[in-house]
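Per TrEMBL, the features are as follows:
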type    : residues                                               : note
BINDING : C:G33, C:P34, C:V35, C:G36, C:S37, C:G38, C:K39, C:T40 : GTP binding site
DOMAIN  : C:29-199                                               : domain 'CobW/HypB/UreG nucleotide-binding'
Amino acid sequence: MDGVTATGIRAHARIVARADGRGGTALPVLEGEGPLAPRRTRSSGSEAKVMLVGAMSGPLGGDRFTLGVRVEEGARLHVGSAAATLALPGQAEGEARYDVRLDVADGGELHWMPEQLISAEGSELYVTTRVEAGAGARLVLREEQVLGRVGERPGRLTSRLTVRAGGRTVLDQELACGLGAPGGWDGPAVLAGHRAVGQLVVVRPEFAERPVEARALGACAAVVPLAGPAALVSAVAPDALRLRRLLDEALTGLG
Amino acid sequence: MSRAALLVLADGRFPAGGHAHSGGAEAAVKAGRITDAATLEEFCRGRLHTAGLVAGALAAAAALGADPGELDAAADARTPSPALRTAARRLGRQLLRAARSTWPSSELDALAREFPKGAHQPVVLGLAARAAGLGPEDAAHCAAYESVSGPATATVRLLSLDPFDATGALARLAPELDRVADRAVAAARRVRAEGADALPAASGPLLEVGAEWHAAWPVRLFAS
Amino acid sequence: MHLGHTHDGPAAVSADARRPDGTRRALRVGLGGPVGSGKTATVAALCRALRAELSLAVVTNDIYTREDAEFLLREAVLPPERISAVETGACPHTAIRDDISANLEAVEDLEDTVGPLDLILVESGGDNLTATFSKGLVDAQIFVIDVAGGDDIPRKGGPGVTTADLLVVNKTDLAPYVGSDLARMSADAREQRAGLPVVFQSLRGGDGVADVAAWVRGRLAAWTA
């Protein structure tokens, strides 16, 4: 941590996963501090598991967090988080930023499954997630946003998710919602009163040859093939619990 | 530059296939999310700031001469729903036919050769504007306007809505539409230096999800 | 129309008589007329009558997506790849007259996917008496009315009745039951149409669709001449 400044906290975390040559995955780099503390937990088989433990609440207004994960060839990594991330208003001026960069090499596999991001009333957060997946990389990425705690109006949350797979951008989506977001964000074209919204991106090399079949799961969720070796589950729901259920079911359906 | 050329291109009767598409309104009506003029306006507002902004920026970038292939790939990445990608390419192909006949141009012919099955409609729209002697501001306005005029017209048919109410909603959106077009052009001007990543990627989850739901219906009035 | 334009472009723009590779494209015949007059039944009968001698395909324009296409598929008058449905956004007359772009895509796609065709029938969704096909889309059009819709329709005229290249008065077998005067319909039609042909037919008996099929053969002979 670079310390607390008038412009908020700057925090950085880095994880590198590398095949250990014995069929397992080593973590030669596992660093981070304060609000972004990665901890290695029990591995299962060849997969290393890391839990992000938030030692402080955050991000607050003016904070700037960056998180980089690199999964090298043949390594398998699962990243989760111990609790939901709560975006809160802060003392410092301006929006908070949270930039996540995930690199998965050819033959690497990453499960990026953090808990929800909750946009509390009065908060202002811009979060970007950028994925670079190599030609033979495998990825499961879950992203869930909850607009406001129970009974609370949402803060302003803007979230951009960019996924590159095999050298081309297969998904580039930005969702802006909450107080001060461009008009219509809670209307019938965008969220229509739903307070939880999520995406699940699955990259598998075999999808290039055999893309998933597009399927609507009612009027609030769909599984779609992207223009590349990837599939997307997109869903809106009244609350976090029902959103998770939709995404879990859809992921199971992808086999 | 001819202002009247913009009127020709933006005319709802320009024969480029738009009349058969509802811009997601048919799905939103069936889901009970559009029920009257007020909910139509809110739908259009949301579509304007998401799909409309992206379409406006793609069209403006094409009008500025950015590589159509790169823009088309950027449109794919910003359109996760395959039903919407198909509709956008079909409309692009129809628009290209109309534009090549209306404003013959070697750039439009080259686009037809590169994309025999159609490029994303906003990309074609930008090149059509270019062929008509129009600029990026015109292209962005045209794309942003189409993002709301289509659903408004469709909802008049779907709900037997008073057409004056629907037109009134469009008129109230006009100042926001100007701002969206400005943002679109500003982003498009950055494409030359920064590439297609500079284009906005604003999305409406229910537009994407609704399009897949709609595509699966056995009976519907509109193609999308 | 763009007949006589050069043909080295990447794709045809409108009603070019030749395909981009220089070969002559299929003759396109439109069938329009009011709801329930028997357009789809006539298309089905034409397919059965002509499919052995001609390579043909059908484009339907439905109010509701694919209804007429589904009927033709169920009746198995043509293999499914030769039947294409255009979605019309609740305005079938727009798709055949004011904005023909989707139909042009459909006819060109059929020629591209099922190979050289002699004839493409473009069926309009059921509409009113004013609906006619654009000359940018079809080379000839047939307007189908029926005796049960009222024997005053020919007298009333309208663009379909007066200008169609062929007027078909369908369901003549029903005339005694609905009190329609066929002689009067015939006289009115001839007066309205200034010498353009009229066919009275019943698909349930007599020669069925034979007269219409003969007329189509004549148009095709003129097209390929």
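A Cβ is built for glycine as well, from the same backbone N, Cα and C atoms used for every other residue.
Bear in mind that TrEMBL entries carry predicted annotations, made automatically and left uncurated.
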Completion exercise
Within 10 A of the CB of C:T40 (GTP binding site), the number of other CB atoms across every chain shown is 24
Problem - GTP site shell beyond C:G33, C:P34, C:V35, C:G36, C:S37, C:G38, C:K39, C:T40, criterion: Cβ within 8 Å of Cβ centroid - result: C:G126, C:V144, C:I145, C:D146, C:N170
Problem - C:K39 (GTP binding site) CB neighbourhood, other CB atoms within 10 A - result: 28
Handout entry: Cβ neighbours within the same chain of C:G36 (GTP binding site) - under 8 Å, at least six residues apart
Key = C:G126, C:D146, C:G149
Exercise for the section: Please work out the number of neighbouring Cβ atoms within 10 Å of the Cβ of C:G33 (GTP binding site), leaving out its own Cβ. Expected result: 30
Handout entry: Which listed residue (C:P34, C:G38) has most other Cβ within 10 Å, given these are binding-site residues
Key = C:G38
Fill in the blank from the handout: Residues near C:S37 (GTP binding site) by Cβ (under 8 Å) yet at least 6 apart in sequence within the same chain, in sequence order, are C:G126, C:V144, C:I145, C:D146, C:G149, C:N170, C:K171
Handout entry: Proximal but sequence-remote residues of the same chain as C:V35 (GTP binding site) (Cβ under 8 Å, at least 6 apart)
Key = C:G126, C:D127
Problem - C:P34 (GTP binding site) - helix vs strand vs coil (DSSP) - result: strand
